[in-house]
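Input: a single structure, listed below in structure tokens.
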Amino acid sequence: MEVHLPLSTKTFPLLHRVPIDHLPLHSICSHQEHLRAGAAMAGGGGESAPTLEYTPTWIVALVFTVIVFISVVFERLLHHLGKVQLLLCPFCSEHADKNLILQVLKKKNKMPLFNALQKIKEELMLLGFISLLLVVFQGLIEQICISESLTHHLRPCKRHNAATSTAPYSVTSSGGIVGDGRRLLAGGGDSTHCQKKGKVPLLSIEAIHELHLFIFVLAFNHVVLSAITVVLGLAKMRTWRNWEDLAQNSQGSAPLKINNVLQFEFIRKRFKGFGRDSFISSWLHSFFKQFYGSITKTDYTTMRLGFIMTHCKGSPKFNFYKYMIRVLESDFKKVVGISWNLWIFVVIFLALNIAGWNAYFWISFIPLILLLAVGTKLEYIITQLALEVAEKHSAIEGDLVVTPSNHLFWFHRPKIVISLIHFILFQNAFEISVFFWILITLGFDSCIMGKIGFIIPRIVISVLIQLLCGYSTLPLYAIVTQMGNSFNKVIFNENVQTSLLRWAEGVKKNAKGTTVKGHKKPDEL
């Protein structure tokens with residue numbers, strides 16, 4: 001009886017066609033293990049480098065942090081260089097922006113949307129630079145060697161047997177949608193560099209590619225889902241246009257008379273009385289109100305009148321609806337961006353993706369809780385407006401006028417609401433991105449995906465957040481945040497804004513506060 005061992009003629013020529021009776025069993029096993037190791041080191045075996053399933057989360061978070069940090073610094077540097085160029089040549093941007101999109105948006109007075117498109121372009125540039133860094137540094141990352149013992153803990157997936165646990169860097173490819181053709185980041189360094197030292201690479205080429213794909217899916221989903229949310233909000237707010245027309249047509253037509261404060265519909269529906277019980281019932285009413293009829297006609301007309309009497313008393317025909325739409329379009333630029341602090345949350349969430357923790361399931365509740373809290377607070381602010389009127393007056397002559405104030409908002413800052421909505425939308429995009437990323441790269445049966453009992457609630461929560469934020473929370477934000485002490489600069493048209501900014505720059509340059517030649521003061525416009 002003879003045994004034929006493939007590839008043994010070059011590696012062990014003396015063992016070729018050796019009778020098995022004269023060959024000890026431990027020699028055969030040792031020889032086969034050596035052949036498998038040699039084939040793996042040669043890079044031609046059927047096994048591939050480890051995916052992110054068996055890469056420790058702290059390694060993924062570390063590499064992600066370094067790459068994103070360099071990219072953000074580079075993007076900020078280019079942004080500031082662009083500002084310097086604008087200061088040196090103020091009219092250069094006017095010639096550079098002579099494109100069809102800008103001309104159409106200018107014609108329709110949609111400059112906030114153009115600024116949002118510019119922000120999307122910046123995010124795409126940042127994403128492209130991150131991709132470039134991953135391609136450039138993939139060989140360097142693979143050459144960084146660490147002890148194998150450091151890779152045995154904090155993994156997204158656990159190994160099921162002892163055989164595989166001793167070879168963490170010999171994992172077969174997972175069955176994702178893209179299959180085995182996922183090595184888009186071609187190239188790389190010498191895969192045997194760390195094996196020769198008895199160590200393992202910090203991150204494999206396969207894992208780098210999966211990380212690269214995750215960043216792309218996250219950025220794409222965030223931009224698309226943010227746009228969908230704003231579109232849903234604008235669609236819901238279209239019904240307010242009729243209320244605006246009715247309010248303008250009825251302005252000053254009704255005779256002035258004294259009415260009991262409780263006769264106003266706004267007070268009857270919003271005011272729940274005084275005392276502790278009324279306080280609790282007001283918060284409960286505000287919580288449930290965000291799910292149905294979050295803004296009624298009386299809410300709109302009352303807050304509209306309060307804004308006009310506070311900020312533009314001399315213009316009773318002020319179009320409050322168009323003003324809110326411009327504010328929402330302007331804030332879209334903030335919502336669609338991915339700031340550095342949001343990248344920090346991504347790093348934290350990636351580091352928490354440890355086997356057995358079900359971190360992504362629990363994280364999915366964070367944006368839902370925040371969204372419900374924001375919606376409840378915005379509804380309660382409307383209730384507070386009614387409460388303040390009921391406390392100060394028993395009867396009112398003429399129309400009911402509420403008083404906007406910053407003290408109604410958290411930390412007396414109305415702008416904090418858009419920051420929370422920004423985080424909510426980004427976190428929701430993260431949840432959706434993780435699901436589709438795992439589905440594409442690793443497959444539905446991947447251990448990172450988790451059990452079906454954790455997957456379905458995450459999907460339901462993400463869809464609920466998207467719909468609730470678009471149809472309720474965003475319209476609430478658009479009108480309630482106008483109940484602060486100040487107004488948005490979009491209340492002026494583009495020409496007035498430019499004149500005001502130039503006049504302000506001139507005032508800063510002039511120590512005595514006189515106007516700069518060629519610029520007018522605001523009261524001269």
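Glycine is no exception: its Cβ is also placed from the backbone N, Cα and C atoms.
TrEMBL does not curate its annotations; it predicts them automatically.
Database features (TrEMBL):
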- 58-78: transmembrane segment (TRANSMEM)
- 124-141: transmembrane segment (TRANSMEM)
- 211-235: transmembrane segment (TRANSMEM)
- 335-354: transmembrane segment (TRANSMEM)
- 360-382: transmembrane segment (TRANSMEM)
- 416-439: transmembrane segment (TRANSMEM)
- 459-480: transmembrane segment (TRANSMEM)
Residues of the same chain, at least six outside the transmembrane segment (124-141), with any C-beta under 8 angstroms of its C-beta?
-> 63, 67-68, 70-72, 74-75, 78, 185, 187-189, 201-203, 205, 208, 211-212, 215-216, 219, 338
Considering pairs 6 or more residues apart, do the transmembrane segment (459-480) and the transmembrane segment (211-235) have at least three CB pairs under 8 Å?
-> yes
Long-range neighbours of the transmembrane segment (58-78), counting only residues six or more past its ends (CB under 8 A) | 52, 122, 125-126, 129-130, 133-134, 137, 141, 151, 154, 202-203, 207-208, 211, 215, 340, 343, 346-348, 350-351
